[in-house]
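Peer 1: After the C-alpha coordinates below, expect a handful of questions from me.
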Amino acid sequence: MADKQISLPAKLINGGIAGLIGVTCVFPIDLAKTRLQNQQNGSRIYTSMSDCLIKTFRSEGFCGMYRGAAVNLTLVTPEKAIKLAANDFFRHKLSEDGQKLTLVREILAGCGAGTCQVIITTPMEMLKIQLQDAGRREAQRKLIGQHAGGGRAKVNVVQLKSPTALQLSRDLLKDKGIAGLYKGLGATLLRDVPFSIIYFPLFANLNSLGRRNADGSAPFYISFLAGCFAGCTAAIAVNPVDVVKTRLQSLARGHHEDTYSGVKDCISKILHHEGPSAFLKGSYCRALVIAPLFGIAQVLYFLGVGEFVLSLLPGQKH
(Lines of atoms letter the chains of each structure in order from A and count residues from 1; the text may use other names and numbers.)
(Lines give C-alpha, C1' and ligand atoms only; values in the text may rest on other atoms or scores of the structure.)
Protein backbone atom coordinates (compact mmCIF):
# COMPACT_ATOMS: atom_id res chain seq x y z
CA MET A 1 0.00 0.00 0.00
CA ALA A 2 1.91 2.86 -1.32
CA ASP A 3 0.52 5.74 0.64
CA LYS A 4 0.69 3.92 3.96
CA GLN A 5 3.34 5.64 6.08
CA ILE A 6 6.42 3.45 5.72
CA SER A 7 9.80 4.39 7.12
CA LEU A 8 12.67 4.88 4.70
CA PRO A 9 14.68 1.89 6.05
CA ALA A 10 11.62 -0.33 5.58
CA LYS A 11 11.19 0.99 2.01
CA LEU A 12 14.84 0.19 1.27
CA ILE A 13 14.43 -3.35 2.59
CA ASN A 14 11.24 -3.84 0.58
CA GLY A 15 12.88 -2.46 -2.56
CA GLY A 16 15.98 -4.61 -2.12
CA ILE A 17 14.02 -7.82 -1.52
CA ALA A 18 11.70 -7.02 -4.44
CA GLY A 19 14.75 -6.52 -6.65
CA LEU A 20 16.28 -9.84 -5.62
CA ILE A 21 13.04 -11.78 -6.14
CA GLY A 22 12.29 -9.94 -9.39
CA VAL A 23 15.74 -10.61 -10.86
CA THR A 24 15.50 -14.30 -9.95
CA CYS A 25 12.06 -14.66 -11.53
CA VAL A 26 12.43 -12.70 -14.76
CA PHE A 27 16.17 -12.63 -15.54
CA PRO A 28 15.87 -15.02 -18.54
CA ILE A 29 13.43 -12.53 -20.12
CA ASP A 30 15.95 -9.74 -19.51
CA LEU A 31 18.63 -11.86 -21.19
CA ALA A 32 16.32 -12.32 -24.20
CA LYS A 33 15.78 -8.55 -24.30
CA THR A 34 19.51 -7.86 -24.44
CA ARG A 35 20.11 -10.39 -27.20
CA LEU A 36 17.15 -9.21 -29.27
CA GLN A 37 18.25 -5.57 -28.96
CA ASN A 38 21.84 -6.34 -29.90
CA GLN A 39 21.23 -8.42 -33.02
CA GLN A 40 21.31 -6.40 -36.22
CA ASN A 41 19.90 -6.95 -39.69
CA GLY A 42 21.83 -9.60 -41.54
CA SER A 43 23.01 -11.27 -38.32
CA ARG A 44 19.73 -12.36 -36.77
CA ILE A 45 19.63 -15.59 -34.82
CA TYR A 46 16.44 -15.07 -32.81
CA THR A 47 13.01 -14.21 -34.18
CA SER A 48 11.23 -13.55 -30.90
CA MET A 49 11.54 -13.76 -27.12
CA SER A 50 10.31 -17.36 -27.00
CA ASP A 51 12.63 -18.36 -29.85
CA CYS A 52 15.56 -16.77 -28.02
CA LEU A 53 14.76 -18.53 -24.74
CA ILE A 54 14.29 -21.92 -26.42
CA LYS A 55 17.54 -21.66 -28.40
CA THR A 56 19.45 -20.39 -25.36
CA PHE A 57 18.20 -23.28 -23.23
CA ARG A 58 19.06 -25.85 -25.90
CA SER A 59 22.55 -24.53 -26.58
CA GLU A 60 23.64 -23.20 -23.18
CA GLY A 61 21.46 -25.05 -20.72
CA PHE A 62 19.44 -23.69 -17.80
CA CYS A 63 22.40 -21.87 -16.25
CA GLY A 64 23.03 -20.12 -19.56
CA MET A 65 19.68 -18.36 -19.19
CA TYR A 66 20.99 -16.78 -15.99
CA ARG A 67 24.35 -15.68 -17.38
CA GLY A 68 25.08 -12.31 -15.77
CA ALA A 69 22.46 -12.69 -13.03
CA ALA A 70 25.09 -12.63 -10.27
CA VAL A 71 25.94 -9.04 -11.19
CA ASN A 72 22.31 -7.98 -10.90
CA LEU A 73 21.72 -9.90 -7.68
CA THR A 74 24.77 -8.23 -6.13
CA LEU A 75 24.01 -4.67 -7.18
CA VAL A 76 20.20 -4.50 -7.44
CA THR A 77 19.78 -3.85 -3.69
CA PRO A 78 22.03 -0.76 -3.54
CA GLU A 79 20.54 0.42 -6.84
CA LYS A 80 16.97 0.26 -5.49
CA ALA A 81 18.10 1.73 -2.17
CA ILE A 82 19.61 4.78 -3.88
CA LYS A 83 16.59 5.23 -6.15
CA LEU A 84 14.00 5.01 -3.36
CA ALA A 85 16.03 7.08 -0.90
CA ALA A 86 16.66 9.77 -3.52
CA ASN A 87 12.99 9.92 -4.50
CA ASP A 88 11.94 10.25 -0.85
CA PHE A 89 14.59 12.90 -0.24
CA PHE A 90 13.59 15.03 -3.23
CA ARG A 91 9.86 14.64 -2.53
CA HIS A 92 10.45 15.79 1.06
CA LYS A 93 12.55 18.77 -0.02
CA LEU A 94 10.01 19.81 -2.66
CA SER A 95 6.94 19.44 -0.45
CA GLU A 96 5.42 22.42 1.32
CA ASP A 97 4.10 21.77 4.82
CA GLY A 98 3.13 18.22 3.96
CA GLN A 99 0.92 19.28 1.07
CA LYS A 100 0.48 17.03 -1.98
CA LEU A 101 3.17 17.63 -4.57
CA THR A 102 2.24 19.30 -7.82
CA LEU A 103 2.88 17.33 -11.02
CA VAL A 104 5.91 19.49 -11.85
CA ARG A 105 7.46 18.81 -8.44
CA GLU A 106 6.71 15.10 -8.73
CA ILE A 107 8.54 15.12 -12.07
CA LEU A 108 11.50 16.95 -10.51
CA ALA A 109 11.67 14.40 -7.68
CA GLY A 110 11.61 11.54 -10.19
CA CYS A 111 14.31 13.26 -12.21
CA GLY A 112 16.52 13.50 -9.14
CA ALA A 113 15.97 9.83 -8.27
CA GLY A 114 16.80 8.69 -11.81
CA THR A 115 19.95 10.79 -11.87
CA CYS A 116 21.23 9.38 -8.58
CA GLN A 117 20.62 5.72 -9.38
CA VAL A 118 22.95 5.67 -12.42
CA ILE A 119 25.87 5.58 -9.96
CA ILE A 120 25.09 1.87 -9.56
CA THR A 121 23.02 1.17 -12.68
CA THR A 122 25.69 2.04 -15.26
CA PRO A 123 28.45 -0.37 -14.14
CA MET A 124 25.83 -3.04 -13.30
CA GLU A 125 24.37 -2.89 -16.81
CA MET A 126 27.81 -2.62 -18.39
CA LEU A 127 28.97 -5.91 -16.88
CA LYS A 128 25.62 -7.69 -17.24
CA ILE A 129 25.33 -6.95 -20.96
CA GLN A 130 28.76 -8.44 -21.77
CA LEU A 131 27.84 -11.68 -20.01
CA GLN A 132 24.31 -11.86 -21.44
CA ASP A 133 25.36 -11.27 -25.03
CA ALA A 134 28.32 -13.69 -25.07
CA GLY A 135 26.10 -16.64 -25.99
CA ARG A 136 24.53 -14.80 -28.93
CA ARG A 137 27.92 -13.93 -30.43
CA GLU A 138 29.19 -17.47 -29.95
CA ALA A 139 26.07 -18.92 -31.56
CA GLN A 140 26.48 -16.50 -34.46
CA ARG A 141 30.10 -17.54 -35.01
CA LYS A 142 29.11 -21.19 -34.91
CA LEU A 143 26.30 -20.62 -37.44
CA ILE A 144 28.70 -18.80 -39.78
CA GLY A 145 31.16 -21.69 -39.43
CA GLN A 146 28.47 -24.18 -40.35
CA HIS A 147 27.54 -22.23 -43.47
CA ALA A 148 31.18 -21.82 -44.45
CA GLY A 149 31.77 -25.56 -43.98
CA GLY A 150 28.70 -26.41 -46.03
CA GLY A 151 27.53 -28.94 -43.49
CA ARG A 152 25.57 -29.36 -40.35
CA ALA A 153 27.24 -29.48 -36.98
CA LYS A 154 26.95 -32.75 -35.12
CA VAL A 155 26.62 -31.19 -31.70
CA ASN A 156 24.48 -28.13 -31.17
CA VAL A 157 26.12 -26.92 -27.96
CA VAL A 158 27.68 -23.48 -27.58
CA GLN A 159 31.04 -23.63 -25.85
CA LEU A 160 31.39 -20.38 -23.92
CA LYS A 161 34.72 -19.10 -22.67
CA SER A 162 33.47 -15.72 -21.56
CA PRO A 163 35.18 -14.02 -18.63
CA THR A 164 33.50 -13.56 -15.27
CA ALA A 165 32.13 -10.23 -14.07
CA LEU A 166 35.15 -9.87 -11.77
CA GLN A 167 37.56 -10.45 -14.64
CA LEU A 168 35.70 -7.96 -16.82
CA SER A 169 35.84 -5.38 -14.02
CA ARG A 170 39.57 -5.86 -13.55
CA ASP A 171 40.26 -5.60 -17.29
CA LEU A 172 38.14 -2.45 -17.69
CA LEU A 173 39.73 -0.78 -14.66
CA LYS A 174 43.21 -1.73 -15.86
CA ASP A 175 42.72 -0.54 -19.45
CA LYS A 176 40.41 2.45 -19.07
CA GLY A 177 40.16 3.21 -15.37
CA ILE A 178 36.84 3.90 -13.68
CA ALA A 179 35.55 5.42 -16.95
CA GLY A 180 35.56 1.91 -18.44
CA LEU A 181 32.83 0.81 -16.06
CA TYR A 182 30.83 3.94 -16.83
CA LYS A 183 30.76 3.59 -20.60
CA GLY A 184 27.27 4.52 -21.79
CA LEU A 185 26.65 6.79 -18.79
CA GLY A 186 24.98 9.41 -20.98
CA ALA A 187 22.62 6.88 -22.54
CA THR A 188 21.85 5.42 -19.11
CA LEU A 189 20.90 8.88 -17.88
CA LEU A 190 18.74 9.41 -20.96
CA ARG A 191 16.91 6.18 -20.12
CA ASP A 192 16.67 6.22 -16.31
CA VAL A 193 15.83 9.88 -15.77
CA PRO A 194 12.80 9.84 -18.14
CA PHE A 195 11.79 6.46 -16.68
CA SER A 196 11.64 7.90 -13.17
CA ILE A 197 9.97 11.08 -14.44
CA ILE A 198 7.21 8.93 -15.93
CA TYR A 199 6.97 6.19 -13.31
CA PHE A 200 6.84 8.01 -9.96
CA PRO A 201 4.22 10.67 -10.84
CA LEU A 202 2.13 8.17 -12.83
CA PHE A 203 2.14 5.66 -10.00
CA ALA A 204 1.33 8.31 -7.37
CA ASN A 205 -1.65 9.60 -9.38
CA LEU A 206 -2.99 6.16 -10.34
CA ASN A 207 -2.63 5.02 -6.75
CA SER A 208 -4.80 7.92 -5.57
CA LEU A 209 -7.76 6.73 -7.67
CA GLY A 210 -10.61 4.57 -6.43
CA ARG A 211 -11.97 3.83 -2.97
CA ARG A 212 -9.76 4.10 0.10
CA ASN A 213 -9.37 1.85 3.12
CA ALA A 214 -10.57 2.95 6.54
CA ASP A 215 -7.12 4.37 7.36
CA GLY A 216 -7.09 6.39 4.13
CA SER A 217 -4.58 4.15 2.36
CA ALA A 218 -5.08 2.67 -1.10
CA PRO A 219 -6.40 -0.91 -1.37
CA PHE A 220 -3.73 -3.46 -2.22
CA TYR A 221 -5.09 -4.26 -5.67
CA ILE A 222 -5.04 -0.56 -6.61
CA SER A 223 -1.39 -0.20 -5.58
CA PHE A 224 -0.47 -3.45 -7.30
CA LEU A 225 -2.13 -2.53 -10.61
CA ALA A 226 -0.82 1.04 -10.42
CA GLY A 227 2.74 -0.24 -9.94
CA CYS A 228 2.48 -2.71 -12.81
CA PHE A 229 0.84 -0.25 -15.21
CA ALA A 230 3.19 2.65 -14.38
CA GLY A 231 6.21 0.36 -14.68
CA CYS A 232 5.10 -1.04 -18.06
CA THR A 233 4.27 2.42 -19.43
CA ALA A 234 7.60 3.90 -18.38
CA ALA A 235 9.56 0.87 -19.64
CA ILE A 236 8.01 0.95 -23.12
CA ALA A 237 8.32 4.74 -23.35
CA VAL A 238 12.09 4.68 -22.81
CA ASN A 239 12.79 1.47 -24.76
CA PRO A 240 14.30 3.32 -27.78
CA VAL A 241 16.96 4.77 -25.47
CA ASP A 242 17.45 1.34 -23.88
CA VAL A 243 18.27 -0.09 -27.32
CA VAL A 244 20.87 2.66 -27.84
CA LYS A 245 22.33 2.10 -24.36
CA THR A 246 22.59 -1.66 -24.90
CA ARG A 247 24.38 -1.22 -28.24
CA LEU A 248 26.81 1.37 -26.82
CA GLN A 249 27.69 -0.75 -23.78
CA SER A 250 28.38 -3.91 -25.79
CA LEU A 251 32.17 -4.15 -26.03
CA ALA A 252 32.28 -7.10 -28.45
CA ARG A 253 30.45 -7.26 -31.79
CA GLY A 254 29.12 -10.09 -33.86
CA HIS A 255 30.07 -10.76 -37.48
CA HIS A 256 29.58 -7.68 -39.72
CA GLU A 257 27.84 -5.70 -36.97
CA ASP A 258 28.06 -1.91 -36.71
CA THR A 259 30.18 -0.16 -34.11
CA TYR A 260 29.19 3.18 -32.60
CA SER A 261 31.10 6.23 -31.42
CA GLY A 262 28.31 7.74 -29.34
CA VAL A 263 24.58 8.24 -28.87
CA LYS A 264 24.10 10.34 -32.01
CA ASP A 265 26.12 7.96 -34.19
CA CYS A 266 24.21 4.96 -32.80
CA ILE A 267 20.79 6.51 -33.47
CA SER A 268 21.84 7.51 -37.00
CA LYS A 269 23.17 4.05 -37.93
CA ILE A 270 20.17 2.21 -36.47
CA LEU A 271 17.76 4.44 -38.42
CA HIS A 272 19.76 4.06 -41.64
CA HIS A 273 20.43 0.30 -41.51
CA GLU A 274 17.48 -1.09 -39.53
CA GLY A 275 14.70 1.50 -39.60
CA PRO A 276 12.63 3.08 -36.79
CA SER A 277 11.12 -0.26 -35.74
CA ALA A 278 14.54 -1.35 -34.42
CA PHE A 279 14.09 1.04 -31.49
CA LEU A 280 11.21 -1.14 -30.28
CA LYS A 281 13.31 -4.31 -30.12
CA GLY A 282 12.82 -6.06 -26.80
CA SER A 283 10.12 -3.61 -25.65
CA TYR A 284 7.66 -6.32 -24.62
CA CYS A 285 10.48 -8.18 -22.87
CA ARG A 286 11.36 -5.06 -20.92
CA ALA A 287 7.70 -4.53 -19.95
CA LEU A 288 7.52 -8.16 -18.74
CA VAL A 289 10.66 -7.60 -16.67
CA ILE A 290 9.62 -4.29 -15.10
CA ALA A 291 5.96 -5.05 -14.26
CA PRO A 292 6.61 -8.00 -11.90
CA LEU A 293 9.39 -6.07 -10.18
CA PHE A 294 7.08 -3.24 -9.12
CA GLY A 295 4.21 -5.65 -8.48
CA ILE A 296 6.39 -7.67 -6.11
CA ALA A 297 7.41 -4.45 -4.35
CA GLN A 298 3.75 -3.64 -3.72
CA VAL A 299 3.16 -7.16 -2.32
CA LEU A 300 6.03 -6.62 0.12
CA TYR A 301 4.68 -3.22 1.15
CA PHE A 302 1.25 -4.76 1.71
CA LEU A 303 2.66 -7.61 3.81
CA GLY A 304 4.87 -5.22 5.81
CA VAL A 305 8.02 -7.25 5.16
CA GLY A 306 10.34 -4.25 5.64
CA GLU A 307 8.84 -3.35 9.02
CA PHE A 308 9.00 -7.02 10.11
CA VAL A 309 12.69 -7.28 9.22
CA LEU A 310 13.42 -4.04 11.09
CA SER A 311 11.58 -5.34 14.15
CA LEU A 312 13.98 -8.30 14.30
CA LEU A 313 17.06 -6.08 14.49
CA PRO A 314 18.66 -5.42 17.90
CA GLY A 315 17.51 -2.19 19.52
CA GLN A 316 14.22 -2.04 17.61
CA LYS A 317 10.93 -1.86 19.48
CA HIS A 318 8.64 -4.83 18.89
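Any Cβ shown, glycine's included, is placed from N, Cα and C.
In case it's useful when we look at the structure, here is the feature table from TrEMBL:
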type     : residues : note
REPEAT   : 6-93     : repeat 'Solcar'
REPEAT   : 101-209  : repeat 'Solcar'
REPEAT   : 218-307  : repeat 'Solcar'
TRANSMEM : 12-32    : transmembrane segment
TRANSMEM : 218-238  : transmembrane segment
TRANSMEM : 289-313  : transmembrane segment
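Each of these features: where is it, how hidden is it, and who are its neighbours?
Peer 2: As a summary of secondary structure, the repeat 'Solcar' (6-93) carries 72 helix, 0 strand, 16 coil according to DSSP.
Taking H, G and I as helix, E and B as strand and the rest as coil, DSSP gives the repeat 'Solcar' (101-209) the counts 86 helix, 0 strand, 23 coil.
Within the chain carrying the transmembrane segment (12-32), a Cβ under 8 angstroms from the stretch's Cβ atoms is held by residues 6, 46, 49, 52-53, 56, 65-69, 72-73, 76-77, 79-81, 83-85, 132, 282, 285-286, 288-289, 292-294, 296-297, 300-301, 305-306, 309-310, all 6 or more beyond its ends.
Below 8 angstroms of C-beta separation, residues 1-3, 191-192, 194-196, 198-199, 202-203, 206-212, 283, 286-287, 289-295, 297-299, 301-302 of the same chain, each at least six residues beyond the ends of the transmembrane segment (218-238), sit close to that stretch.
Listed as Cβ neighbours of the transmembrane segment (289-313) (distance under 8 Å, sequence separation of 6 or more from its ends, same chain) are residues 1-2, 4, 6-7, 9-15, 17-19, 21-22, 25-26, 29-30, 33, 199, 203, 220, 223-224, 226-228, 230-232, 234-235.
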Peer 1: Please count the residues of the repeat 'Solcar' (218-307) that DSSP assigns to helix (H, G, I), strand (E, B) and coil.
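Peer 2: Final tally across the stretch: 69 helix, 0 strand, 21 coil.
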